[in-house]
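Working notes, beginning with the structure itself.
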Amino acid sequence: MKALAKLKKQPGIWIINDAPIPEYGYNDVLIKIKKTAICGTDLHIYNWDKWSQNTIPVPMITGHEFAGEVVAKGDGVTSVDIGDRVSGEGHLVCGQCRNCRAGKRHLCRKTIGIGVNVQGAFAEYLVMPAVNVFKIPDSISDDIASTFDPMGNAIHTALSFNLTGEDVLITGAGPIGLMAVKIARFCGARRIVITDINEYRLQMARDFGATVALNVAPFKNQDELVKQMRKVMSDIGMTEGFDVGLEMSGINSAISMMLDVMNHGGKLSLLGISAGDISVDWGAILFKGLTLKGIYGREMFETWYLMTSMLQAGMDMNPIITHRLHIDEFQKGFEIMKSGQCGKVILDWSS
């Protein structure tokens, strides 16, 4: 079968045409891949950064955002049928630890990821445990279903706290941050402010319903950044700090600024992963009585049902997809992702 694989311990990704079709077991499902989306994690693997060098076994078929069709299943599988349109949870968990047994599988300490630790979805076929498979309703396209993984991250982050009538600050306008704008607006947030240094994506955020999308690139230091943010807050009628903060960037200055402008009793969801150590004003957290929640992946499977219901209720995520390419143009897709001048990039696996 055709696949995209990390074949060498150096930057790049390579297409192969003779990868074996994976074998499925008693409780597994064999999925024919129709669409995949390129994730920031895939870009890290492509660039072969320090995290990738320490994490990714080579060779490895990568990718974990997908939509496809069930073409075979093990004898023990009763939850899906051949012909079903599906996506799937890319985090594989042990099922036996305290958190798994308590229904909190997203907190399994033995989690491994498809396309990271085991064969991924950038291939014509993928094997996945049936318990990880999620049926796609007829009303949701394959393109949108292939973005369920990052959309689930956005849903989990944004809906960890009530957004209705609240003032929301989002730091980081990558695809997940942009999805969070849509989610916050759909859920009735009062004001939504988002920050980034990428003007292309900030304009997308404005189009998605952000009250203000602030380019923070011009500000030379933390004091200037906070001063400008307070001006923005005043200009849009805010008399107190932000009620909810959604941290998507992993950037120290963004986190410090967020702590500075949160209201007393504010709540923060932290999804962004830093490349290094982060220093924070512990006093701001204590004296403001802030609540912080770390986010990793999606709640299995409450997040999946939530995003499906919201899409069916009219939340339009189609504009997050800015580029659609055939798999043979994968190199172009990665170059577009590297440029940052895009939302989600979809790869079509049809022949």
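Note that Cβ sites are derived from N, Cα and C of the backbone, with glycine treated the same way.
Site annotation (Swiss-Prot): NAD(+) is bound by D196, R201, L271, G272, I273, I295, Y296, and the candidate from I176, I183, I285 recorded at this site is I176.
Its own atom aside, the Cβ of Y296 (NAD(+) binding site) has 13 Cβ atoms within 10 angstroms in the protein chains shown. A strand conformation is recorded for E65 (Zn(2+) 1 binding site) in the three-state DSSP classification.
Among the binding-site residues C108, I176, I273, the residue whose Cβ has the fewest other Cβ atoms within 10 Å is I273. Using Cα positions, the member of the binding-site residues C94, D196, R201 nearest to C39 (Zn(2+) 1 binding site) is identified as R201. Note: the CA-CA distance between I273 (NAD(+) binding site) and H44 (active site, charge relay system) rounds to 12 Å. With respect to Cβ neighbours within 10 Å, the binding-site residues C39, C94, C100 differ, and C94 shows the lowest count.
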